[in-house]
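Novice: Per Swiss-Prot, the feature UDP-N-acetyl-alpha-D-glucosamine binding site maps to 15, 16, 17, 127, 163, 191, 244, 263, 264, 265, 266, 267, 268, 288.
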């Protein structure tokens, strides 16, 4: 059924973990005739990324409050009210039938403005621990979804919306069927890279010796330094890039992934069907570690928390994984995947606007 006159405003920004899932839901609704517009901030990645996907974007001025000085905190109430008023102006101009909050600072003012105007709010929490913005918005949202158990007590667990090129990868047993020789390791630290991975992996690869290939996504402005670190460690064959444009192709190539455990990364690893060693980013609420827990528990992944990370420990963990174990991990990852989150969230939006 087509919904040619229906409009959605997506509210998401800051990181790919918020923006890419929002784009996946938007694409589902566009295929059913919906018009999509975005609410974001002008100085974060959505400003450049969203228009590349053919979606117009409006901007508000808003920043986070965590870790700010006293003057910022004193000004915060006025800045929040101003951001809500800015969001309200954009909502009045666009007149959406619903708004979708995917997290990031922009979701708070946008969601409150929509609620005050009587526009239905649908919320999706990507992490196993709900962010402050989504904790607030969950109290006023018409529907709330979570990617992993634990963010909310009674919200449906639907996984994270994942890009279709990742979902459509061949099954692990097909990809691994003809592989022999060097084990392929893919290192990913997110769009900004991960300093701890950049510092540790060259020494790990040197210690592993022959029998391994590596592709390493170093992050913004780190490619040269990381490439030089591999060369200094005697690892001449490392392929180091700043950013990976075709993530699906990289997952398809890999036998093993070594990475952070941001929400979208964990969901993509599972959807792709690749075994992983997660090195969670250190945070007081252990958000990234909790994101990865379910894949570790089912045997699809291993985890080393950052305080426990050493060259020796990671080297030993990689050495212990042979091809049979890597295939088993990949299969368990794919079996644990929830592949229809974008469809479930899109259908909920359609249902509340009928």
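Backbone N, Cα and C atoms are what each Cβ position is placed from, and that goes for glycine too.
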Novice: Using a 10 Å radius around each Cβ and all protein chains in view, which of these binding-site residues has the most neighbours: 244, 264, 266?
Specialist: 266
Novice: Around residue 17 (UDP-N-acetyl-alpha-D-glucosamine binding site), which residues of its chain at least 6 apart sit with Cβ under 8 Å of its Cβ?
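Specialist: In sequence order, the residues whose Cβ lies under 8 Å from that of residue 17 (UDP-N-acetyl-alpha-D-glucosamine binding site) (at least 6 apart) are 103, 126, 127, 262, 263, 264, 265.
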Novice: Can you count the other CB atoms that lie within 10 A of the CB of residue 15 (UDP-N-acetyl-alpha-D-glucosamine binding site)?
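Specialist: So the number of other Cβ atoms within 10 Å of residue 15 (UDP-N-acetyl-alpha-D-glucosamine binding site) is 20.
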